[in-house]
Amino acid sequence: MLRLGAVRRGTSLFLCRQASKEGKPVDSGALVQLEEGYKKLAASDSKSLLKKHLKKDIFDRLKKKTTPSFNSSLLDCIQSGLCNHDSGVGIYAPDAEAYKTFADIFDPIIEDYHKGFKKTDKHPESCFGKGKDFPNLDPNNKYIVSTRVRCGRSVKNFPFNPCLSEYEYAELECMISGALNTMSGAYKGGYLPLCGMEKSVQQKLIDEHFLFKEGDRFLETAGASRFWPAGRGIYFNEARNFLVWVNEEDHIRIISMEKGGDIGKVYDRMLGGVEALGKYLDFSRDERLGYLTFCPTNLGTTIRASVHIKLPNLTANPEELQKLATKYNLQVRGTSGEHSEAKGGVHDISNKRRMGLTEYEAVKEMHDGISALIEAENKACKK
């Protein structure tokens, strides 16, 4: 019942918008803003993938285009990168159609970030495997502080955050929280909306690395923080090792986490959550790109398997750490994630590739890479 109602409501909104917005030209003021922003980016020392790949001919070809259903423009896609020259990527998809309408810029960025996923490639069908294939990397808890595996999902027939109305945020929240409240067993818990949440409770959850932060400038300038905190919230199971973020960056972020390095156990818990929610919600999946997300870095499997890990010797030799991370397609971040510092020498390290490989292969790539980092740290200790 919940699945049918959700799909019907989403479809009716989608068709209504498609009829009202198809073919609308780019606003002249937005075009001026786009031109000025592009000139500043081109003249900057930005290292973003947006600057690297948005050549003048591509810019001129795309600047007047809009998506057919939601009238999203090139400015909607790249505004975050134009405003934040320190972006690593600098582009988001305001709706799923943007990946096709603006393929001339999305495709090379996707290929660059996901290590060779070409515009002619097709993301493979899902193959999740089993957590038992990933043994605990640090049974003595010498290096790994905690492990987290998450994936993103978008609900079919709804656009991404920049195109959602306040009503649609509420509708999505109702649909998703309704599905979450059917969960049982080890997944049984409760949903907490951000609206009405006391600031002290919110900050405590952020400090404990459970809840997403408010006011991310990269997401704000991408249009992802509209109507905040309407429609946003978090679900916990009773053990607080399974979380679901609602309408943060993507419609849904499904997260499994616990102390230590038992990646297989954490991965299995996440898979069970995805399966349970999939009984009530239809997720957006593209035949070529895989599961669809707001940020192109999360397309495909959408899986990010990560550890908080202490590697004092490698931390003291950042070039060697980055060399190993590059070799094993790992991403090294600060303790609190992207754009943060490594507090107390604790890094957040995860798989980087999410496209062109299965879910099982993405987690295995991370597992193999973390194993290599621990081996390198042990060798450095003996010198």
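Yeah, the Cβs are placed from backbone N, Cα and C, and that goes for glycine too.
Given the structure is predicted, the values throughout are model-derived calculations rather than measurements.
Marked as domain 'Phosphagen kinase N-terminal' by TrEMBL: 30-115. In the domain 'Phosphagen kinase N-terminal' (30-115), helix, strand and coil residues by DSSP number 51 helix, 2 strand, 33 coil.
Residues or ranges marked as domain 'Phosphagen kinase C-terminal' in TrEMBL: 143-380.
The ATP binding site annotation in TrEMBL covers 146-150, His209, Arg253, 304-308, 333-338. Taking Cβ-Cβ distances under 8 Å and a sequence separation of 6 or more, the neighbours of Ser306 (ATP binding site) in its chain are Thr147, Arg148, Val149, Asp348, Ile349, Ser350, Asn351, Met366.
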Restricting to the same chain and to sequence separations of six or more, state which residues have a Cβ under 8 Å from that of Ser146 (ATP binding site).
Met257, Glu258, Lys259, Gly260, Val307, His308
Including all protein chains displayed, how many Cβ atoms other than that of Arg333 (ATP binding site) lie within 10 Å of its Cβ?
17
Highest Cβ count within 10 Å among the binding-site residues Val149, Arg253: which residue is it?
Val149
For the domain 'Phosphagen kinase N-terminal' (30-115), provide the mean pLDDT of the predicted model.
96
